[in-house]
Amino acid sequence: MYLSRFKQSGFRNLAPLNLEFDPHVNVFLGENAQGKTNLLEAIYFLAISRSHRTSNDREMIAFGQDFASLAGRVHKRQLDLDLRIVISKKGKSAWVNRVEQARLSKYVGHLNAILFSPEDMELVKGAPSLRRRFMDLEFGQINPEYLYFASQYRQLLQQRNNYLKQLARRQASDQVLLGVLTEQVATAASELIWRRYRYLADLNRYAAEAYRAISGQREELRVLYRPSAKEITAADQPAQIKQKLLDRFAEIADDELRRATTQLGPHRDDLEFQLDGKNAHLFASQGQQRTIALSLKLSEIQLIKQLTGEEPILLLDDVMSELDQNRQAALLNFIHGQTQTFITTTDLDSISQEIVKQPRIFYIHSGQIIEKEEGLNGRRR
């Protein structure tokens, strides 16, 4: 799978673009705050209909514009696709081969993308919300059902929280309605948690392989799901998960009324990374943390390939300078030239010429993008 053409207008600070990409490696060179990250965000949004930087879609519409439009041509083994997504103040609309999709869950998955940014280095020791967002962004693009239940859960959770606030303020008193909302939240939550366990089982295998390949060590990396309802296990089916959630909701009913918010569920769950059984949050060095984060991204590539039969595109946002040459080599050798890769950098010297021999290079300045005529080694393309 690769993206051959990309067009956009009205997205953040980017000038209107119509770019052709190399099927292998594309490098975007420019100083900070010139639009490199915005460009990768736009490509990522075209793929999964969400930003990795904000949950407010309106932020991505350029000042003075009514909407932002993103479009691309995707080549797969069996077919070519034209994708388009429009962000307006009313919401999002998406098209595949000029046919508007009834739901975004029908659109997501036609172009798979893995993005690796400096913020991902915080996956191990950062806030739990980073790890939950990691799961939702990555698992959502490989399974429409996950995306559907995640969206449904967010809506139901908001409704339940709003009603808990009304009860706390004595603006409502109907406990039957609270019971209905609790049942609905538990149903959506159980489906979401069950799918997280399933995908993490596969992700674990690939992440362990990637960690050993990058580090050259025999340490075993494991990724564990830590549900906020501790009674839930990986062996549970959705019906069992739902019942355990309902039992816990009954136990904490008074506390939730006092706090006026839902105290357990997927929005409170977390991931734990272990090296040889030790919690990496507590014991991992900075180098080990970076290797764990990188291993996760590489395992996502393998997982998507397993489930779809296609390599996703890989977006590396200013991370090459964060990696030493050995980790750079491990990263690019791991994808072995079959994954279309987009790299942003402020300095071409941060990218080893031995690793990336003939990329297509673009300059970015004040949102304007032009192609450089020479490769990394100075030869004309």
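FYI, residue positions are counted from 1 along the chain as it appears here.
From the backbone N, Cα and C atoms, a Cβ is placed for every residue, glycine too.
What Swiss-Prot records for GLY30, GLU31, ASN32, ALA33, GLN34, GLY35, LYS36, THR37 is ATP binding site, and it gives sequence analysis as the kind of evidence.
Sitting within 8 Å of the Cβ centre of GLY30, GLU31, ASN32, ALA33, GLN34, GLY35, LYS36, THR37, and not among those site residues for ATP, are the Cβ atoms of ASN38, THR344, THR346, ILE364. Listed binding-site residues: GLY30, GLY35; maximum Cβ neighbour count within 10 Å falls on GLY35. Taking the Cβ of GLN34 (ATP binding site) as centre and 10 Å as the limit, one finds 21 other Cβ atoms among all the protein chains shown. Counted within 10 Å of its Cβ, the other Cβ atoms near ASN32 (ATP binding site) come to 8, all protein chains included. Long-range neighbours of GLU31 (ATP binding site) (same chain, six or more residues apart, CB within less than 8 Å of its CB): THR346, HIS365. Under the three-state DSSP scheme, LYS36 (ATP binding site) falls in the helix class. Long-range Cβ neighbours of THR37 (ATP binding site) (same chain, at least 6 residues apart, Cβ-Cβ under 8 Å): ARG53, SER117, ASP317, ASP318, THR344.
Neighbours of ALA33 (ATP binding site), defined as other CB atoms within 10 A of its CB across all chains, total 10.
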